[in-house]
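Structure first, then comments.
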Amino acid sequence: MGCTSSKPRTLGTLKQVESFSTDDMEPPRHTESDVMLKPSMYIGDKKTDFNSLYTPCRKLGSGAYGNVYLCTRKETSKEYAVKVIKKQDLSDRKLSNDLLKEVNYLKELDHPNIAKLHDVYEDDTAYYIVMDACYGGELFEQIIKRKKLTESCSASIIKQILSGVCYLHKNRIVHRDLKPENLLLETEEVNSRIKIVDFGLSARLFDQTLRERLGTVYYIAPEVIKKNYDEKCDVWSCGVILYILLCGYPPFAAGQDNEIIQKVVEGSYTFPSKEWSKVSSDAKDLINMMLTYDPKKRISAAQALRHQWIVKRTKESSNIFEPESMSLALTNLRSFTKTQKLGQAAMLLMANKFTTNDEINELTKLFSELDTNGDGSLDRSELLHGYRKVKQHMRDSCSKMTDEEIKKEVNDIIKACDLDHSGTINYCEFITGCIDKCKLLSKERLKLAFSTFDADGSGKISKKEITEIFGLCKLPESWSTLLDDMDVNHDGEIDFDEFVSMLNQVSAF
């Protein structure tokens with residue numbers, strides 16, 4: 001896994017900064033409210049090579065274009081799955097473009113059931129794609145091991161998959177290769193969180209049908225075989241997966257691929273009495289709706305999440321509501337509304353890149369509990385529902401709030417915490433706003449955040465570096481004034497001590 005170049009760069013153009021053709025043109029001024037913050041803005045050019053930051057531990061597996069290794073980030077001891085793709089295996093220009101497309105999709109995805117991209121490196125011989133580490137293996141392996149799963153367990157799994165798929169479809173992305181091999185378990189626990197991986201065959205919808213015949217024969221939708229399809233092909237694949245979870249074998253099976261394809265084209269399947277006699281009619285009803293032959297009549301991922309079987313079965317197996325945890329999370333969100341945007345940007349970086357699974361696991365559960373429609377983001381009505389739920393169970397400041405005060409509080413939270421201006425609070429924004437700030441702003445993490453802003457490795461942060469990392473033409477005046485105030489030695493740059501002092505000032509703790 002050696003790097004041969006001392007100046008690696010990230011794959012493709014990961015960030016575009018506006019430029020001006022004339023020197024005398026005044027760049028537009030930005031206010032704090034103009035600045036959009038996303039985790040993807042921190043996936044940029046690196047000045048150090050991969051091996052200086054990560055230690056390879058062991059090989060996890062092999063794919064069509066490379067190997068996957070478990071690696072440890074040296075400064076944090078946090079483990080990641082790193083896909084190493086040799087350039088010699090990407091001689092075909094289309095393969096290189098496919099890799100770039102996959103990376104660009106992954107950069108923008110932010111959902112608890114989708115494996116997260118953390119960094120991308122490139123040297124003279126290979127690309128290094130740094131992703132979430134999943135320790136529980138493939139869902140496929142669990143199916144083989146356990147033969148078939150209970151309805152409650154199956155409902156929990158398919159709900160997570162559908163939540164990720166619903167989020168993808170909301171963002172106009174079709175996965176096109178959903179199967180148990182591309183669904184990983186975050187841990188080895190029975191109730192582990194599911195992560196969707198492998199976006200190599202994904203496509204973006206632009207109000208037209210897709211025509212490439214792609215996917216794996218057992219899970220492929222009939223309209224994909226006919227080369228005229230849209231996002232509903234993913235719902236078909238989820239229906240096949242649910243069928244397998246409940247009985248241990250696929251609905252369309254045969255000895256040869258062409259025979260399987262013929263059965264899929266015919267669209268006929270059954271529920272043999274031996275395996276299905278004890279499966280509820282509600283479960284079969286959902287499968288029928290997901291495997292409806294005509295995609296126009298087929299249920300959507302969002303509709304499937306609201307099906308009575310999923311609602312009932314996941315309610316049976318879900319964790320008991322913990323008002324104390326929810327109340328603390330909402331309190332931290334309220335505190336986050338007082339944080340200046342430059343402080344929010346630094347905390348977004350630290351919460352997104354430098355936290356452990358153990359630290360955010362409870363918050364992830366709370367996010368999923370608040371996300372009642374399962375689309376991967378929290379809207380006004382979902383936050384209101386969370387507040388009202390806490391009010392019923394707690395005797396704290398929230399319980400004394402009137403409904404009008406709660407509505408105002410929720411509006412303030414969305415205005416402050418919606419860092420990417422989407423109109424809702426996404427997963428990473430929620431984690432950033434709710435996490436324990438005292439633990440988040442540890443000296444170790446502050447150093448890592450500082451080094452990210454210090455793009456040239458000089459040991460100081462310039463206004464130019466901050467401007468470029470946010471893709472701006474000019475800093476907001478409030479940021480420029482803040483940086484000037486924090487520049488104690490008046491050298492025009494911010495050193496580490498000044499950076500820490502600045503965060504303490506803007507973070508309002």
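Glycine residues also receive a Cβ, built from the backbone N, Cα and C atoms like all the rest.
Taking the Cβ of Lys87 (ATP binding site) as reference, residues of its chain lying under 8 Å away and at least six apart in sequence are, in sequence order, Asp124, Thr125, Ala126, Tyr127. Annotated ATP binding site per TrEMBL: Lys87, in sequence order.
Look at TrEMBL and you will find 54-310 tagged as domain 'Protein kinase'.
Nonlocal intrachain contacts for the domain 'EF-hand' (358-393), taken as residues 6+ away from its ends with a CB within less than 8 angstroms of a stretch CB, comprise 110-113, 159, 162-164, 166-167, 170, 193, 302, 305-306, 318-319, 321, 323, 325-327, 329-330, 351, 399, 401, 403, 406-407, 409-411, 413-414, 422-427, 430-431, 434-436, 439. The annotation domain 'EF-hand' is assigned in TrEMBL to 358-393 (among others).
When DSSP labels each residue, the domain 'EF-hand' (405-440) comes out as 25 helix, 2 strand, 9 coil, counted as helix, strand and coil in that order. The domain 'EF-hand' feature in TrEMBL is assigned to 405-440 (among others).
Summarising the annotation, TrEMBL assigns domain 'EF-hand' to 441-476 (among others).
For the domain 'EF-hand' (482-509), same-chain residues at least 6 beyond its ends with a Cβ under 8 Å from one of its own Cβ atoms are 335, 338-340, 342-343, 346-347, 437-438, 441, 443, 446-447, 449-450, 453, 458-463, 466, 475. The annotation domain 'EF-hand' is assigned in TrEMBL to 482-509 (among others).
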Under 8 Å between C-beta atoms and at least six residues away from its ends: which parts of the chain pack against the domain 'EF-hand' (405-440)? 36-39, 110-112, 328-329, 332-339, 341, 344, 347-348, 350-352, 355, 359-360, 363-364, 366-367, 370, 376-380, 383-384, 387-388, 391, 398, 507, 509
